[in-house]
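Only one structure is covered here, and it is reproduced in the block below.
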Amino acid sequence: MEPRAAQVRRRERLGRQQKDRPSREGEPCSGGAERPGNVEMHRGPDLVQWTQHMQAVKTQLLEQAQGQLMELLDQAMWEAVQAYPPQDRPVPSVPPDSLTRESSLGKRKVFIIRKGREKKKELCLGVQDTSFVILRLMMEFDLLTFSFGQLPLALVTWVPMFLSTLLVPYQALRLWERPQSGGAWTLGVGLGCLLLAAHTVVLGILPVHVAVEYQLPPASRCVLVFEQVRLLMKSYSFLRETVPGTLRARGGEGIRAPSFSSYLYFLFCPTLIYRETYPRTPNVRWSYVAKNFAQALGCVLYACFILGRLCVPVFANMSQEPFSTRALVLSIMHATLPGMFMLLLIFFAFLHCWLNAFAEMLRFGDRMFYRDWWNSTSFSNYYRTWNVVVHDWLYSYVYQDGLWLLGGRARGAAMLGVFLVSAVVHEYIFCFVLGFFYPVMLFLPVPTLPWPLNFTMHDRRTGPAWNKTFWGLVTPRSWSCHT
């Protein structure tokens, strides 16, 4: 039904047209008189004009709504950040508009209450649920016992590593914070640097010495090397976030050193970016914690089953057989499918179950530990989405600081630096756990380009065909090999 306002406007327009021209009888038409023939004659063009007008109005409304929605989202994000002000520290008054207009050189990680992608975990649930059926058939735990052998020694080694991380960086910050002048402050800075150097030596040498001296098995080595890297990254983040403000405020009023309790909470919460406060959930769901730990344990048992049934028989007698290209290719193809299963199990057990369990126990609100990496259309997008916890650290302290050192230019060099740091650390972890050096992360081609070039390519491929290509490259094809 035509709106009343539109009918009034149409009558007025028709009246003006009839007033300007004579009627068929030669008499001028009255502005208030309206004939049915004229109405029918002008109905067609009028409807076309009205449709065009409504299309223009719709486009304008959509543009205005999009702009207002962006402003509302920016305002909501700013209010969420303001709702958790740091204790005893002023919140910088940055206007909300700057949140969307700041360059990548000044972006900072913003923590908000976000749920994890629990609906997406069906990617691994089928594999994880199968473990409970297989465990009924698996009567021996020789591989599990071997892998976690000497675990108490690894836990004892972890204690001095944690105490060093807990005490040394915070004490060094307190030394730099003291409002002293002249030689006393310089002495404090030197003492703090010596403490940090000793802390780095302890974290760098102690786990390696224990692993080599006592010949720790792979799983116990994993505990040490993961904690070594985690504590080093957390120490650096704490100092990187607090030292600049502490030095600027030295000798006057303003920013003070963070509380010890906030630093202690940071050492256990599932993030590598230090903030004095984080968004918190109201309560702890202990049933959810127990479920996640149970699922993580199921993934570990299933991984042991896969290695014991699919990998160990292939490589057990390989050193006693004569080397041949055929044997090498067959062994690699037999290992690709278990390797894919292991990748999915590690992702689900650690990035979903383990981190969500600790986040729930500590009431940590931001649960965005990974994004939908299974929809990736390139390896560069996959690296940025499959482990958001590590990606945030690399982006904040390697990429952004690299851009700052380069004057905001050479983004490709900064991205290459991120890749090199990540690749070197991953190679160190593999070498530490397995006991030999095999640099697959640095020189493995995919499929013809080296890793660094593929990593630094601009991620402009977003079509579904590229996602199929990505999965085609990462999915093993051992079933297509013929002996």
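Positions of Cβ are set from backbone N, Cα and C atoms, glycine also.
All protein chains shown were included, and the count of other CB atoms within 10 Å of the CB of His426 (active site) stands at 15. What TrEMBL lists as active site is His426.
Sequence annotations record features per position, and here TrEMBL assigns compositional bias 'Basic and acidic residues' to 14-27.
For 1-42, the entry in TrEMBL reads region 'Disordered'.
Residues 192-193, 195-196, 198-199, 202-203, 206-207, 210, 214, 216, 219-221, 223-224, 227-228, 231, 234-235, 238-239, 242-243, 246, 257, 260, 263-264, 267 of the same chain lie 6+ residues outside the transmembrane segment (151-173) yet bring a C-beta within less than 8 angstroms of a C-beta in it. Residues or ranges marked as transmembrane segment by TrEMBL: 151-173 (among others).
Per TrEMBL, transmembrane segment is recorded for 185-206 (among others).
Marked as transmembrane segment by TrEMBL: 294-316 (among others).
Feature annotation from TrEMBL assigns transmembrane segment to 336-359 (among others).
Residues or ranges marked as transmembrane segment by TrEMBL: 413-438 (among others).
The DSSP secondary structure for His426 (active site) is helix.
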